[in-house]
Amino acid sequence: MPKKKPFSAGRVPLILFLCQIVSALDVPLDPKLLDDLVQPPTITQQSPKDYIIDPRENIVIQCEAKGKPPPSFSWTRNGTHFDIDKDPLVTMKPGSGTLVINIMSDGKAETYEGIYQCTARNERGAAISNNIVVRPSRSPLWTKERLEPITLRNGQSLVLPCRPPVGLPPAIIFWMDNSFQRLPQSERVSQGLNGDLYFSNVLPEDTREDYICYARFNHTQTIQQKQPISLKVISVDELNDTIAANLSDTEFYGAKPSKERPPTFLTPEGNESLKEELRGNVLSLECIAEGLPTPIIYWIKEDGTLPVNRTFYRNFKKTLQITQVSEADSGNYQCIAKNTLGAVHHTISVTVKAAPYWIVAPQNLVLSPGENGTLICRANGNPKPRIGWLTNGVPIEIAPDDPSRKIDGDTIIFSNVQERSSAVYQCNASNEYGYLLANAFVNVLAEPPRILTSANTLYQVIANRPALLDCAFFGSPRPTIEWFKGTRGSALHEDIYVLHDNGTLEIPVAQKDSTGTYTCVARNKLGMAKNEVHLEIKDPTRIIKQPEYAVVQRGSKVSFECKVKHDHTLIPTIMWLKDNGELPNDERFSIDKDHLVVTDVSDDDGGTYTCAANTTLDRVSASAVLRVVAPPPTPAPIYDVPNPPFDLELTNQLDKSVQLTWTPGDDNNSPITKFIIEYEDAMREAGIWHHQAEVSGTQTTAQLKLSPYVNYSFRVMAENSIGRSVPSEASEQYLTKAAEPDQNPTAVEGLGTEPDNLVITWKPLNGFESNGPGLQYKVSWRQKDGDDEWTSVVVANVSKYIVSGTPTFVPYLIKVQSLNDVGFAPEPAAVMGHSGEDLPMVAPGNVRVNVVNSTLAEVHWDPVPLKSVRGHLQGYRIYYWKAQGSSKRNRRHIEKKILTFQGSKTHGMLPGLQPYSHYTLNVRVVNGKGEGPASTDRGFHTPEGVPSAPSSLKIVNPTLDSLTLEWDPPSHPNGILTEYTLKYQPINSTHELGPLVDLKIPANKTRWTLKNLNFSTRYKFYFYAQTSVGSGSQITEEAITTVDEAGILPPDVGAGKAMASRQVDIATQGWFIGLMCAVALLILILLIVCFIRRNKGGKYPVKEKEDAHADPEIQPMKEDDGTFGEYSDAEDHKPLKKGSRTPSDRTVKKEDSDGSLADYGEGVNGQFNEDGSFIGQYSGRREKEQAEGNESSEAPSPVNAMNSFV
């Protein structure tokens, strides 16, 4: 979509503009502008720098250029003017600079060898081509030589030299036999980069008389062969016999048996060697060793590691290849040859040089008179290239002087240009390894505005859809654009309208009142132009009565209704479809106004019927399903499946088809309805059968379409109404010829893993889809928003390629094309990817905090510029932490919490804060690479809240009528404590609760003594703290006063209980013993009665007792008299649990937030959806209950012992 801008735009760079954002490289050659606009020449097409021609064909040297007026062309050859008029064999194509040299009629290609350069010239300047070196290809014959037979004993090493003739371009070498079959190669036998055939050790199986080296010259499609070499490998005994028979007829290497030996290198020689390669090429290093047993080759880089994804091993690891080599790949590489008897090393010192390559290539510059501009030409290489400037093909040092330009190294600065400043400049960057030449023109134009959109154009748009009104314009300086509605309307503003850079006015949501006449006005300092267009808004087309789902029986009638409402000025076309296709051509289907009627419905009529209403502006549709049902069929007689076909035969065997013939088996009383043909690819998937075709049951032959490079076998199955037969026996095998691939890889993606790379991945073709041997992929890429040429590399059958040195997070166009030894697949479609992301550069600004309550705060921030994100924006992340006192900071590390908000959200909520605390936070932007810098820390305070329960409560020093309470303050006061509240009440022997006493205690106290209590009485205490906000959670405890002063025992620490020694004395009295016996007897009787009732199905009424005495820990305090309800435990005699914190009327429930949590971020206790809203639950941390002491504070007694026993 074109870039949008506000209507009130200021002065912008002066560029030419036509219909959309146009590169400054071209003046728009619209027919309306051709008569008076000029443009310097631009070379659009030229032959390659190193141009190797076929001497059997005419020579065509390309040179195409454009400009206004059309340029004229001239040529130089070997630095001097090439007068084509004097050579009858040389012609120039009309309207072009392309040369055609007719050597087919009379001439030799060698005559026209040389360095050619084309010049395209018009009144605005001259552009030149590269130096085109024209050389004819050569495929010379091998020098005749006599090759003596070679006889070796088993185990010796051998090198069979190839030494091909020097051709242009160099030949491709391979070894074959007389039958044109490639010779098998292995770790023991392999071909070197120079074409020689190396044997680490020979075996008797190597004996043959037809070792032939072939040289293939691709340019002329010729193959030359060397004389065959004869090799005989014999054992020591055979060799001695040969020596005895005729010593002089054999090259004799010794008669001793070859023993096992450590490796030595056949190539390269010595311990060290040098290798130089150019940047961007493939570095190939080779080490081939001999030895017995056969050595294995290993590779290492002495001062680093081999680059991942660019390193490949060829020729059984004897060749190391590094693709896209760069200066970083320079260094020492070591190959190691090992066998069981030892190892040998060779070091190859690699130096990577570089021909010039662009850093910033000069770009065409279009200016208006009086403006300024620059041409920049920056290149790099190894060694550093020299930069030279030319103007109109002449070195700038000797070119006519231009006061508007100033040369500063690789930059030409233009100031106050005039029309005479127009010219074509050439930048030449060169070193000893090559050169770069770029043309860039400076075109000075002064043109008043012109509007190219046709006047009074009518635009019709459906209501509530966007409307785009065009205003294609041209001018230099670049005009500003204004839009007006009506004859006297004011300029349209950005609040409702959007003005695009190409002049188009966009109405995002067009309404009925948008109808009218709009005027586009273009202005620059040279004048003004305007144009009117008209807009009409139409009502949308709607289906007000849709077809409905229908179930009908076979043979009946069905009708679908479709009523359409539309704008009265538009004429709709109603079309009915079945399963998204045309209706069957059947008289049973009829259309009557708004209805589709189907009579005599059959099973084939079932499906989805769609009513589609089309106008010139919109389209709507509605669908319904028709289901056809029928009574169940009458059961058929039981028959059997057919017998399998037999006698399969293949005839008419062509490259991509074959005819299969078979004889049907018995149909077993049920006619055969069809034959199913399957195939097997014995080359790739032996034993796996695939569907090939189906034919009717009356056919016994089938013409089958085949794929290239597949070893086919076929089988046939017959099918009748009962089922399918077993497969027939397989046919003979048929191997089809190889062909180029039919398709390209799928799932092509480009995604960087580092800031400076682009990882291109794809789903490779399977073996069946390769169509031939040598499957490879041509990977191409270029930046989407630029004029760069495609960069391509051919890789092996892999699924990934990494492009290094890319800019950070830049869109790329990517293509992956399949190829094999036969040729290329069709040109693939380009897909878009991105180079790697880098960490964001800018921190969010203007961070604000709004404290909602004591546990919740809202944070706002300004978004960062999208360009600074340098990746896919994933969201914003808030780090926040609670400020610690100096003592706490020494004890533990400050815990930082993190919340993440997805997408471009600019605010969020912080839950679960500690009341009455100071917090600090910062905000960071997050992309796929990670986090950006943190914003400036922002601090805030939370208000007071209710405190937690006191940390502990102990009862110490019990006496006859007093108890002393000691406690620790709450671990989380959540504010300033104002006071403590103590409530207590007695509990009698039947566990009933007495009157509740309420007591306020100052906040600075941690100890309190209660006096005037009843002796030997159990009390239950409820204790909590308060702040100015309210009461906190309570803690409970129980204790007993002593019987008398003499019976005081030391308190049980933690239990807060005391017991009297007098109870021990009572237990020894006779009357007490008699009483206990009576109680035991009553209990025994009670047990007997319960046992009898249980056997009769009765139930012991424990539940009634439990209901009558509810647990005070869950029983609320009565509001009318301030007392608690009756106390009861779940068991009759179980004492109250010490340390419980059962709620009273002051109970503080679990601290949950009742507010909306829609803006909470992702953290430990919550999760967030894409827009940052909270989808989990938040819960505060419960304070641990601190219970101390025993379960019961009662003194042990026979009664308790008896109850426990029972």
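Here the Cβ of each residue, glycine as well, is placed from N, Cα and C on the backbone.
All annotation found in TrEMBL is predicted automatically rather than curated by experts.
Residues or ranges marked as compositional bias 'Basic and acidic residues' in TrEMBL: 1101-1121, 1143-1153. The feature domain 'Ig-like' is assigned by TrEMBL to 41-129, 136-230, 262-351, 356-443, 449-536, 540-621. Residues annotated as domain 'Fibronectin type-III' in TrEMBL: 644-739, 741-838, 843-945, 949-1046. Here TrEMBL flags 1101-1206 as region 'Disordered'. Annotation comment: TrEMBL describes 1071-1092 as transmembrane segment.
Taking pairs at least six residues apart, the domain 'Ig-like' (356-443) and the domain 'Ig-like' (41-129) share three or more Cβ pairs below 8 Å and count as touching. Under DSSP, the residues of the domain 'Fibronectin type-III' (843-945) split into helix, strand and coil as follows: 10 helix, 52 strand, 41 coil. Confidence over the domain 'Fibronectin type-III' (949-1046), given as mean pLDDT on the 0 to 100 scale, stands at 89. Each of 136-230, 540-621, 644-739, 741-838 was scored by its Cβ pairs under 8 Å to the domain 'Ig-like' (41-129), and the highest score goes to 136-230.
Assigned with DSSP, the residues of the domain 'Ig-like' (449-536) fall into helix, strand and coil as follows: 3 helix, 48 strand, 37 coil.
Residue counts of the domain 'Fibronectin type-III' (644-739) by helix, strand and coil are 0 helix, 46 strand, 50 coil (DSSP-based).
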